[in-house]
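The structure under discussion is supplied below as structure tokens; questions concerning it will follow.
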């Protein structure tokens, strides 16, 4: 990581807020555990993705352990604008983590949306939507302790059953200086239920800062529809980009050039085999038959995958 980070110092960090002032809907790659790492971010940026997030990093571990920093956070000079997402429950710990990444990233995001049991039991993620004063305090602390005025501080939330509570949370965060808010339009309990895009629209109409819509966006057409339904300033996509990293460039399914690009980028970055293979399984989901999947999904080495792609697709 250190080599990569040194390289970043030579580059010009960007102001993510410029994207929201551009008049265009901002196209965003979501924070995804294991998946939204540097190699994948490099790929989606080639295909019209405007802004990328790191996977969620536990701030306390990141601050405490150089080993955690080296394994969790890697970037390079082309990886901008970049938002580092943290799980945190104490203002000073979040500030300390923000200070470490500030020279190498363009902003941080506080995760207030992860519904996983481990996160909630530790006081992280979606349980924070029930602690608006704590969220406000954390945002305010980072704002006051980071000198760079262009460094963004955002939050990603889920919604309450009673939407008034969500609007109250968002307004408190706005008062504390939050740059924008990403709203996943489901409650903590909801997993595969329809996304409440109407709720995102109400939040958008109640705020004067940018709002990003998130949830069940699989294609560029979906992104356009959600923008139309919610009036959101940005669209954040997770699974849709895993299945088709070229989605934001208007491709209906992963083009072979994108698969070729992934192979080149992943090999260049030394991506571990499991991650390399899983990304390809997602990308090829819509373009391979059941029989092909049976063969491809059990391949167990990089060379076997490369031979398969070459023999079947000329990649």
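Every residue, even glycine, has its Cβ placed from backbone N, Cα and C.
Below are the features listed in TrEMBL for this protein:
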{"type": "DOMAIN", "residues": "29-292", "note": "domain 'DUS-like FMN-binding'"}
{"type": "BINDING", "residues": "31, 32, 33, 85, 184, 238, 239", "note": "FMN binding site"}
{"type": "ACT_SITE", "residues": "114", "note": "active site, proton donor"}
Minimum Cβ neighbour count within 10 Å among the binding-site residues 184, 239: which residue?
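239, out of the binding-site residues 184, 239, has the fewest neighbouring Cβ atoms within 10 Å.
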Per the record, FMN is bound by 31, 32, 33, 85, 184, 238, 239: how many Å separate the farthest pair of Cα atoms?
18
Taking only same-chain residues 6+ apart in sequence, whose CB is under 8 Å from that of residue 31 (FMN binding site), what do you get?
53, 54, 55, 56, 83, 85, 109, 111, 156
Within the chain of residue 238 (FMN binding site), which residues six or more apart in sequence place their C-beta under 8 angstroms from its C-beta?
30, 32, 214
If you skip the near sequence neighbours and keep only those at least six away, which residues in the chain come within under 8 angstroms of the residue listed as 'active site, proton donor', Cβ to Cβ?
56, 87, 120, 124, 125, 126
Can you count the other CB atoms that lie within 10 A of the CB of residue 33 (FMN binding site)?
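Residue 33 (FMN binding site): 10 neighbouring Cβ atoms within 10 Å.
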